[in-house]
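S.K.: This is the structure I have questions about; it appears just below.
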Amino acid sequence: MSCAPSTKIYGVSQPISTNAPTKSDVKLTDSLNESLHQFNCYESKEESMTRVKVLSKLNALAKQWIKTLTVQRIPNGHELNAGGKLISFGSYRLGVHNSGADIDALVIAPRHVTRLDFFTSFKKMLLENSSVKNLECVENAFVPILTLAFDGIDIDLLFARLELTKIPDDLDLSNDSILQNLDESSIRSLNGCRVAESLLKLVPNRKSFCMTLRAIKLWAKNHGVYSNAMGFFGGITWAILVARTCQLYPNAAPSRLIQKVFFVFSTWKWPSPVILKHFNESKISTLNNLVWNPRVNYADRFHMMPIITPAFPEQNSTHNVSKSTLHIIQEEMKSALIICDQIHAGNATWNNLFEEVNFFSRYRHFVALSMNEESNEGFFESRIRQLVQIMERNCQVKLAHINPKKFKSVQNASVWFLGLELIENAKNLDLTAEIEGFKKNVEKQAKGIQITLDATFVKRSDLIKWIPVTDLKKGRFVNKSTGTKKRPVSSSPPLSEVSQVAAKKPCIDINAPLIKMKSNN
């Protein structure tokens, strides 16, 4: 009596389907690849070669820097090969970067090289290199970083110091023991590399994973749901969702996997966590408190859409998600699933899925957040989600939707827009307290940072006073009453008609429409 072969398990459960791609799936994957090229999701061979050369040069610089410090600090250091290593991570390591995208990289050094050295002597070495431009350092960030352009390629450079006398070229980053006795900044810096390596090991078909992830990232960016800082999903979160879908459909083609991403996660029972592998308790007990565990860590119980990184210490990549962004992500996935079904039925194309959606057609009321200090935009962007959370507490605000896209106002200031959906019979809503509360929060956090922010209520009919009409009419328009999305820049309603429609809805009475915030701490 013969036994049926068991189904191979990927991740934490058996696959939903192991079906091979159909002829239609293969054909749609070919057309998907063509669409991704049309949207400039791939770089040229020349740019790819430039990236390889840049990373090689940076790696050589890092090794030389470590060698110099080794000779200075270690007896007979000139005889010791202390090594050192530059490792890429993020979208470049996963193979899903676009043309012009930056590269996330990490310098790994032995124990006699410190973070202070990285921000002093290594910074000095980079400044003296003619290939390096626009070098900036942020030493006090949650993850300390150097940013630079090397031969025209933007680089985000992190640093980690290991408790090793030398760093071999074949260093195994998946080994948890390398985290022993490290400071928290080094652990955070290593996390990106360890997660990327783990992801690539956990997917059954790397090529299908990469094409699917390229497509999902393009869709997410054009639908305004790609920004970890603003409460949506960042690149690593979308990568985990795609990886889990690949585990559930290990033989599926990218054209089918895209559809399944939206099917699986538009119907997911949140806050059940998404995980790619079972947790293994590490021997490094001092780091177990960093692992996502709602049974032990009280704060973890309030995470709305937990999507867990696959490398120790396993952490939630979506702790910034709020009630509003959860709803927006779910609704976008539901709409995307409908379009994917139409694509597979031959009634739509990939362009219908990827085309940018017009944010300003979604809402009739907005809060415009503008600032002039470009050097502090990163600080401010990471705080905008706080205004969303404050707005959510107002009983007359049904939904607060921040658009991650930054615009240039007609006054040449940087401006972001928060769209507001009100309850049905909202009247005389005064948002002064909410905006003042946001002001106070940012003022407290802006220690040593000078920032001047204008927060202004704007009706849809007045948006033309803020940004160019080309920005207002870009992308497919959304009919909020039916939830449908209409194509049309050319057939979109004129601004005069937009203002008439806006007038039919209750207006908001803001006592202080313009609030200026200054922090000179």
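Easy rule for this one: first residue shown is 1, then count along the chain.
A Cβ is built for glycine as well, from the same backbone N, Cα and C atoms used for every other residue.
Those TrEMBL annotations? Automatic predictions, nothing curated.
Pulled these features from TrEMBL for this protein:
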- PHE89, GLY90, SER91, ASP102, ILE103, ASP104, ASP156, LYS217, TYR226: ATP binding site (BINDING)
- ASP102, ASP104, ASP156: Mg(2+) 2 binding site (BINDING)
- ASP102, ASP104: Mg(2+) 1 binding site (BINDING)
- 11-203: domain 'Poly(A) polymerase nucleotidyltransferase' (DOMAIN)
- 208-356: domain 'Poly(A) polymerase central' (DOMAIN)
- 358-412: domain 'Poly(A) polymerase RNA-binding' (DOMAIN)
S.K.: Let me check the 10 A CB neighbour count of TYR226 (ATP binding site). How many other CB atoms are there?
M.R.: 21
S.K.: May I ask which residues of the same chain, at least 6 positions away in sequence, place their Cβ under 8 angstroms from the Cβ of PHE89 (ATP binding site)?
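M.R.: Expected: ASP104, ALA105, LEU106, GLY192, CYS193, VAL195, ALA196.
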S.K.: Need one number for the ATP-binding residues PHE89, GLY90, SER91, ASP102, ILE103, ASP104, ASP156, LYS217, TYR226: the maximum pairwise CA distance in Å, whole number please.
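M.R.: So the maximum pairwise Cα distance among the ATP binders is 20 Å.
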S.K.: Among the binding-site residues ASP102, ASP104, ASP156, point out the residue whose Cβ has the most other Cβ atoms within 10 Å, with all shown protein chains included in the count.
M.R.: ASP104
S.K.: Count the other Cβ atoms sitting within 10 Å of the Cβ of ILE103 (ATP binding site), across every protein chain shown.
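M.R.: So the number of other Cβ atoms within 10 Å of ILE103 (ATP binding site) is 21.
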S.K.: In whole Å, how far does the CA atom of ASP156 (ATP binding site) lie from that of ASP102 (Mg(2+) 2 binding site)?
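M.R.: Given the Cα positions, ASP156 (ATP binding site) is 7 Å from ASP102 (Mg(2+) 2 binding site).
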S.K.: Looking only at Cβ atoms, how many others are within 10 Å of the one on SER91 (ATP binding site)?
M.R.: 21
S.K.: Excluding ASP102, ASP104, ASP156, which residues of the same chain place their Cβ within 8 Å of the centroid of the Cβ atoms of the recorded Mg(2+) 2 site?
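M.R.: Not counting the recorded site residues, we get GLY90, TYR92, ILE103, ALA105, THR147, ASP154, ILE155, LEU157.
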S.K.: With DSSP, how much of the domain 'Poly(A) polymerase RNA-binding' (358-412) is helix, how much strand and how much coil, in residues?
M.R.: 20 helix, 15 strand, 20 coil
S.K.: What is the pLDDT of the domain 'Poly(A) polymerase nucleotidyltransferase' (11-203) when averaged and given as a whole number?
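M.R.: Averaged over the domain 'Poly(A) polymerase nucleotidyltransferase' (11-203), the predicted model reaches a pLDDT of 93.
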S.K.: For the domain 'Poly(A) polymerase central' (208-356), jot down how many residues DSSP puts in helix, in strand and in coil.
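M.R.: Counts, helix then strand then coil: 80 helix, 6 strand, 63 coil.
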S.K.: Reported as an integer number of Å, what is the Cα distance between TYR226 (ATP binding site) and ASP102 (Mg(2+) 2 binding site)?
M.R.: 16
S.K.: About how far apart, in whole Å, are the alpha carbons (Cα) of ASP102 (Mg(2+) 2 binding site) and SER91 (ATP binding site)?
M.R.: 9
